[in-house]
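As structure tokens, the structure follows; a few thoughts come after it.
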Amino acid sequence: MGCCSSRSADSPASRVTRWRSTGIVALRDARLKVVPNEVLQVGNSLRILDLTNNKIAEIPQEVGTLVNMQRLVLAGNLVESIPANIGYLRNLKILTLDRNKISVLPEELGSLSNLQQLSISQNSLSRLPKSVGDLRNMLLLNVSDNKLIALPESIGGCSSLEELQANGNSIEDVPSSICNLVCLKSLSLNGNKIRQLPQNLLKDCKALQNISLHDNPISMDQFQQMDGFTEFEARRRKKFDKQIDSNVMMSSTALDEGIDLN
């Protein structure tokens with residue numbers, strides 16, 4: 001009886017009941033190759049779905065029916081594409097897709113009007129959809145370690161963006177529209193091919209406290225001659241005033257959180 005009771009407690013039906021009760025499905029490191037059918041049966045009750053570190057290659061179209069989901073984590077899988085139906089997840093706040101094989105994102109991504117964090121580092125993206133500019137509530141965008149050669153001009157529409165990470169790509173130009181990101185606090189573009197930044201970036205992005213551009217062709221002289229550099233440097237020093245002394249902050253080889261001395 002005890003054995004049968006144990007099996008019953010972990011039956012698909014009982015799991016669905018439990019997941020509906022909590023709103024949370026956590027299946028990390030479960031050796032899954034597909035998204036279990038029971039997950040989709042949770043329906044409108046599902047708020048958090050974590051499928052980190054499995055071997056899932058495909059996200060089913062039915063994921064679009066999970067309309068109350070707020071957090072979707074699929075990091076460390078084998079996903080190659082995102083279904084257009086993801087655009088139905090209007091309550092989604094956090095989407096984590098790091099360490100997959102994704103080469104393109106659907107334009108429907110821009111329909112995620114409540115999205116606050118999008119992390120899709122270590123994939124194979126060659127471009128971002130134009131609709132990324134429709135994500136006006138997004139606070140964090142991480143597209144590091146992809147194959148991007150540019151950021152879309154539409155990124156200037158991400159009016160709430162506070163942190164942009166795009167390290168380890170092949171980006172050559174930063175669009176002038178980035179100057180519209182008045183909430184931007186941190187911009188990290190290490191390991192790209194950037195030779196210059198929009199002239200008004202430091203002047204217009206008055207919240208900016210941290211720029212990291214190591215391993216790029218841009219020179220320290222170019223950076224220091226940008227409009228608004230003095231004010232930016234004052235903000236940066238104020239941020240670290242109580243944490244790091246000036247000898248560490250300004251080393252002999254680089255401006256920490258800045259640009260290599262070429």
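Counting begins at 1 with the first residue displayed.
Positions of Cβ are set from backbone N, Cα and C atoms, glycine also.
Nonlocal intrachain contacts for the repeat 'LRR 1' (19-42), taken as residues 6+ away from its ends with a CB within less than 8 angstroms of a stretch CB, comprise 12, 48-60, 62-63, 65-66. Under the heading repeat 'LRR 1', Swiss-Prot lists 19-42.
Distant neighbours of the repeat 'LRR 2' (43-66): 19-21, 23-35, 72-83, 85-89, 96; these residues of the same chain sit at least 6 beyond its ends, with a Cβ under 8 Å from one of its Cβ atoms. What Swiss-Prot lists as repeat 'LRR 2' is 43-66.
Annotated repeat 'LRR 3' per Swiss-Prot: 68-89, in sequence order. Long-range contacts of the repeat 'LRR 3' (68-89) within its own chain (CB-CB distance under 8 A, at least 6 residues past either end) are made by residues 44-62, 95-112, 119.
For the repeat 'LRR 4' (90-112), the mean pLDDT of the prediction comes to 98. Annotation comment: Swiss-Prot describes 90-112 as repeat 'LRR 4'.
Residues or ranges marked as repeat 'LRR 5' in Swiss-Prot: 113-135. Secondary structure counts, DSSP: the repeat 'LRR 5' (113-135) has 5 helix, 3 strand, 15 coil.
What Swiss-Prot lists as repeat 'LRR 6' is 137-158.
Residues or ranges marked as repeat 'LRR 7' by Swiss-Prot: 159-181. Taking H, G and I as helix, E and B as strand and the rest as coil, DSSP gives the repeat 'LRR 7' (159-181) the counts 5 helix, 4 strand, 14 coil.
For 182-204, the entry in Swiss-Prot reads repeat 'LRR 8'. Below 8 angstroms of C-beta separation, residues 144, 159-176, 210-218, 222-223, 226-229, 231-232 of the same chain, each at least six residues beyond the ends of the repeat 'LRR 8' (182-204), sit close to that stretch.
Taking DSSP states H, G and I as helix and E and B as strand, the repeat 'LRR 9' (206-231) has 8 helix, 3 strand, 15 coil. Summarising the annotation, Swiss-Prot assigns repeat 'LRR 9' to 206-231.
Note on the repeat 'LRR 4' (90-112): DSSP counts are 5 helix, 4 strand, 14 coil. Within the same chain, residues 98, 113-131, 164-181, 188 sit at least 6 positions outside the repeat 'LRR 6' (137-158) and bring their C-beta atoms closer than 8 Å to a C-beta of that stretch.
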